[in-house]
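Okay, structure first, notes after.
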Amino acid sequence: MPAERTVPVGMRARPLAKRRSVAIESQPRTVRRTSVRPAKPRMDYAERDAMQDLFSLEARRRQELHEQDRLAHEIRTQKSLDIDQNIRTERLKSQENRAPEPSWRGYNDYEVEVFRAEQEQIQRILRGEIVQQREQIRLLRSAADEHNLAHETMVQANRTLTAQVASLQEQLATYDAKTHTLHAEVQATRTRNAQLETQLLEAESVRRKLHNQVQELRGNVRVYVRVRPARNDGEPASITYPDPMLHTQIELLSQAENAMGQPTVRQHAFGFDHVFPPQATQEDVFAEVSDLMQSVLDGYNTTIFAYGQTGSGKTHTLEGGANAVRHQIDTSAGLIPRAMHMLWDVAHRLKTQGWTYEFHAQMLQIYLDQISDLLATSESSFKEKHEVKHTENHTNVTNTVVVPLSSAEEVFELLDRAKKRRQVAATLMNDRSSRSHSVFILRVRGRNSVTHEVCDATLNLVDLAGSERLATSGSASDPARLKEAQSINKSLSSLGDVIDALNSNHGARHIPYRNSTLTWLLKNSLGGNSKTLMLLALSPLKAHMNESLCSLRFASKVHATHIGSARAIKSSTEA
């Protein structure tokens, strides 16, 4: 058996040193762990779950990194063991098949070179794997650093949110306290409002009572006189107003002769509830009449009739100027447009006190002592015969059109519609002289949903045809105008007879209401349960002095008439 040759120390130690180096490099490196400071602020459930998920993810990633290091170490260890085993195996083979000394040395050098090449190849592979593992470790550490930074950011955000939550909770507590205080204040306000509403209803009842008492003190039949402004159509009459503060007196100076036949000046003084001089505006007139409109809503029957000679300004006072826009209130708007707007405005305002109102209108004319329906839909209906019937509180006319109204504008449409049917004609006194009496009837029904009180009243607005002298008006030369003038004067004369009868014995004698259709229609307004206003229109011209004096004397009789106290037509019913 050939003697065993010893391998030089340098040749044997070198692979061993490489193996030790590989073994050292293959040892797993300890991954630096970053300490996580616990979050001190108290988190809600959603934030705590989010943080727990983040911690779990970080733990799993670190576990995976540790597992990868362990597997790499095991692989390197196993490869080192395999290399050692291969070396031992090769040595055994070389010992068994050793050649003689000279050849053995050559073979041994060859073997060493082969082994060295194999080891270098293995080292290159291992170095590549080590580089890859180190790069992976670097990436994992970078990811861990990023997660740590994200964690720190989330912790800081959590602290900020916790502080915000605490602040919001404090604000919420403050708002809850304020809300509680506001609820208490609202409840107190509601209680106070209920008390005020009750007091308001009581005050409204007192107001109605006091308003009626004031109207009774002023008289149920009131007379207002309005002098038309001069239009350069003649010599003005001498008219003075002695009391500029109260506006209740008017004086006229007329030419006369004394007992010796000498010319003299006669003074005629009259006193009424109110006298409007020529400079008085439409608004001034309505200001004195508006309280009667309130009486209508309070449940009192009310009648306003305009009286005066032809051309004295009756229609202008009631309806307004010829160019006035009725659905608008301008300086020339008359009593009717202003009254309609006031009625609807006040009715709307009284809704807050529980009142609701219904309005129904009729429009009639008395022409040649016959009643015609100005709202009739056909000519046959316009000429239909009508009958006047009186109840204790109201006057009804049969076979007439009654129109429900929801706004003041609808009233103006009815007035325009009726105006086309009304009888007018030209005379020497007026280009468009009314040849008939016009009567606008507005029925007002109200109900209070709180007190269950109801009221039912009627407003009559009467535009009487102008009184005229046949000679001055030129009607005597025209048979048709003559017949109209005679009918007008007869009905106005019957109105005077009724006033005379009411003034004598306070109504004990017979009252001739049936002498004319006009007086029969106005029966309840003149002698019944009604507040009545006569508006006398006067001409300012000297040529009309005699007719003006006749009108003033008739107005004085009306002013002295007492028809009793008006009563509100209302009752209390259960809902």
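Each Cβ is built from the backbone N, Cα and C atoms, and glycine gets one as well.
Annotations in TrEMBL come from automatic prediction, not curation.
Lifted from TrEMBL, the feature list:
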- 18-38: region 'Disordered' (REGION)
- 158-220: coiled coil (COILED)
- 220-561: domain 'Kinesin motor' (DOMAIN)
- Gly308, Gln309, Thr310, Gly311, Ser312, Gly313, Lys314, Thr315: ATP binding site (BINDING)
_CB contacts for Lys314 (ATP binding site) [other CB atoms within 10 A, all chains]_ = 26
*What three-state secondary structure does DSSP assign to Gln309 (ATP binding site)?*
strand
*For the binding-site residues Gly308, Gly311, Gly313, which one has its C-beta crowded by the most other C-beta atoms within 10 angstroms?*
Gly308
*Across all chains shown, how many C-beta atoms besides its own are within 10 angstroms of the C-beta of Thr315 (ATP binding site)?*
23
*Near Thr310 (ATP binding site), how many other Cβ atoms are within 10 Å of its Cβ?*
26
*Since the record lists Gln309, Ser312 as binding-site residues, which of them has the fewest other Cβ atoms within 10 Å of its Cβ?*
Gln309
_On the 0 to 100 pLDDT scale, where does the domain 'Kinesin motor' (220-561) sit on average?_
86
